[in-house]
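These come from TrEMBL:
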- 12-32: transmembrane segment (TRANSMEM)
- 411-427: transmembrane segment (TRANSMEM)
- 434-453: transmembrane segment (TRANSMEM)
- 459-479: transmembrane segment (TRANSMEM)
- 510-530: transmembrane segment (TRANSMEM)
- 542-566: transmembrane segment (TRANSMEM)
- 998-1017: transmembrane segment (TRANSMEM)
- 1023-1043: transmembrane segment (TRANSMEM)
- 1050-1076: transmembrane segment (TRANSMEM)
- 1096-1115: transmembrane segment (TRANSMEM)
- 1127-1146: transmembrane segment (TRANSMEM)
């Protein structure tokens, strides 16, 4: 089959060249159009379900919502674990599936949808679980809404206006963009119309809170009648009673050019709706109406008083989160200024939005469409934004993609150029160098074509880690064999085509075995599962396609080019470099063969010493991909309110803004209204995009030899920035625990571990107090360990509750039910919605709520009245008190006098307060001896697989992760005794799982290679000697990691896999040469010397192309080079040592047994 392919190619050279040109064209097209991701999504299928339970404590949420949902979703096919969080008003469940194609996100999501229809027990009224659109790597675009200001600097539009525009207009616009699954908004306020009743006025007029609520509900509705048939026309009958006619006031301002005029119209429309609410008739006394105007705070409006100042106001729903935004000036001083105003613009309360990519979709096309939509919306003629408002982008993943792609492209081009130079240096023939070098871009283009055709994405790891030594090896073997035979004038009487065919046929067996061995060497990449499989699976595919393309090209295009370019072949003598290398190598080889035992002892010492060095290497899962940003998290006391957290955020922005490397800052205090982020007021998150590294000021003085090479100063490293920033924040803002990460990395690690932070210790157990106690001890231990930083406990307890326990006996005395009391609390304090203000497609709550001064503390809340008539709570009046259609035209009654309804039972019965119906109790629900209603409760309840846990998060700096956690595990083991258990999670957990899988995958791969080698040589001795090459290259890889201070990671492990494949291929060809020369009758010594000298040039070419091809990636410090750097360092170091060790060890080992008769076929792969 292979020989037929070679023969066909030589018979049809024009077709082969045209096919190569076609491949180049299609490859370039594929390269330009294939989707490129910064980072492959390492998370398995994860489905997040959120359920809002407004007003419920964490314990109630856990008991009534979280546990039933956990039971419902348990046992789904492929489900690995369920993590849940229960906090005030919100239940969040993350369900993680096992890795594998059988459990895609779509199938997992459908399984969850199916289970949601069969929840194990009824959920509380109004609680509806929904699937969250959040994705670990899906946050591709972020923007903030800019608001116009008047001459005094005051913003023209309210936060209600901006939030409504985001929720009801922009969110829908971006959801229509292809590949976008959803958008999440954060910050701003949701408009709410609040009716603030005055309890004294209610009592004076004999109106109950229930009557007022019923009026709001019944007076804002539209109903339909039936058809009437006047003549031949069918006509519907409708009664329209919605406030404002259900018209959207924004439609009146969209065409205006003046933002000030638009804002004036919007405020006027709000006041018009307030007047409508104030004029509603609640009841009538002596045929005179009692309006809402009469019973609200402040009573009837006085002349000149605006309607929205009190009584009925435009307010907003309880805020759960807040956004702050700072952006740097284009020109800023290089040193840290004293004030945040000196370097940029700070805005304390903004509305921001995160655009989410659907899982599995292509990033670049989605971003292109999103930016086109932003441009369209920002056009004044779009008619979608309020006049003067703009969408301002502060994060666009295109920037990261472009920067990292440029880094990888630069490394690739530099590597290719170095490879061409090396080829010319060793072959001393420009035609030969071109023939070999042309296969590199064509093989890569073939890989891109296959990715594009199969709909797969390329990523910077899979592209940047390609080893040119492996790709070019097959072409080197073919060209070198053709060149050497032509130089030796073999078969001079045959036509060039026949000669080329014979020369290539000599090595087709060796080529196929080499490729098979390389495929077996890459079995660990294909067999990886978990996060490392998601990361390196695309790289394995890229390698496979590149190898396949390089092999086909070496058997088709390479022979054709040799036939065409070598027609007037003139052999060139080996250049000085090759002769010098052979001379020095021969001298050293003869010395080693003269003292074989000493040589083996020295090699054994080097290998043994290297083995002792392995435990000294640091361990980590994966080096961080530089994203060009920082993601900070500050955790404060659990009972902190939102205003306090926002004040801390403003202070933190001022500190962070002093760093000249910072471009902008977005602070997220609390959580968004839709519950897609599960943080309380105690949490502040900071997204800090950084300037391009080339623009960082040079602030650090240089000393010594570095000063002479790189100048007197240098820019700070990112690690130095983090240390300085952390020190400043801890000094100025005590009591807050800080954590530093990056945006994508933080999301991925949280998705995999269920805890926000790089690493965490989870303590499982049933009792909250014991969990807190053990967590405090573990925290103290971790803080004492060298290299462990930013230690913080995600406390379970610490939230403050003002709990009013309804007393059944007191309620029985007055004939009041618990539901009656709860309704008063939810309405007077919690702003229970009674109706909705319809504004076009928008809906806003209309609620009743006591004025703020009547519900600010325990005393005022206990004083809330509960009206009763004959020991019955009155929620509505009889038919005599129903508002009449003509009542609105009657004059309002006086507050006192004959017009007041003194016969109404409400006015004559004793007034019962909330304090008369509740009893203070403690945590165990026993009466509180001090009479306090305050109680400390759970803030956030964490669960995994149905068990509660508390988490201690930490980071590791200036030390490898593996040794730090190993020490921590040893020092904390005494804390965990049944029923309490400690589990180390986060990056460490992923590292341990990956290493465990590699421990059996790599030996399996080597076993397959061993079988292949034995099948080729039929000799255990030959196979074992070839395998000795693995130890040689491992020496170089280990020492390169140690000397560069690089931790062992999955990326480094992949580098070793590449090395093993190259080393075994080289060993296979060398031993095959020895056997072939022995079969020809040469003595062992002569066969070793001649065979080794023949392999000097091809070995040098393969090794140097591998070294120089990845050298740019090994030394690069630019953004995008971090993940491939350990791999490149291992390959460069291993191949460098290969030039020194394996060229001596294998010949010496062969000399011990080479006198025996070579096995049949043992020299068949020599060329």
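Yeah, the Cβs are placed from backbone N, Cα and C, and that goes for glycine too.
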*Do the transmembrane segment (510-530) and the transmembrane segment (542-566) come close, with at least three CB pairs under 8 A (pairs 6 or more apart in sequence)?*
yes
_Positions on the same chain near the transmembrane segment (1127-1146), where near means CB under 8 A and six or more residues out_ = 465, 467, 469, 585, 588-589, 592, 599-600, 603, 606, 1025-1026, 1028-1029, 1032-1037, 1039-1041, 1043-1044, 1046, 1051-1052, 1054-1056, 1058-1059, 1062-1063, 1066-1067, 1070-1071, 1092, 1095-1096, 1099-1100, 1103, 1106-1107, 1110-1111, 1113-1114
*Taking the transmembrane segment (434-453) as reference, which of 12-32, 542-566, 998-1017, 1050-1076, 1096-1115 has the most Cβ pairs under 8 angstroms?*
542-566
*Quick one: do the transmembrane segment (542-566) and the transmembrane segment (1050-1076) have at least 3 Cβ pairs under 8 Å, skipping pairs fewer than 6 apart in sequence?*
no
*Does the transmembrane segment (1096-1115) come near the transmembrane segment (998-1017), with 3+ Cβ pairs under 8 Å (pairs 6 or more apart)?*
no
*Positions whose Cβ lies under 8 angstroms from the transmembrane segment (12-32), at least six residues beyond its ends*: 441-442, 444-446, 448-449, 451-453, 553, 556-557, 560, 563-564
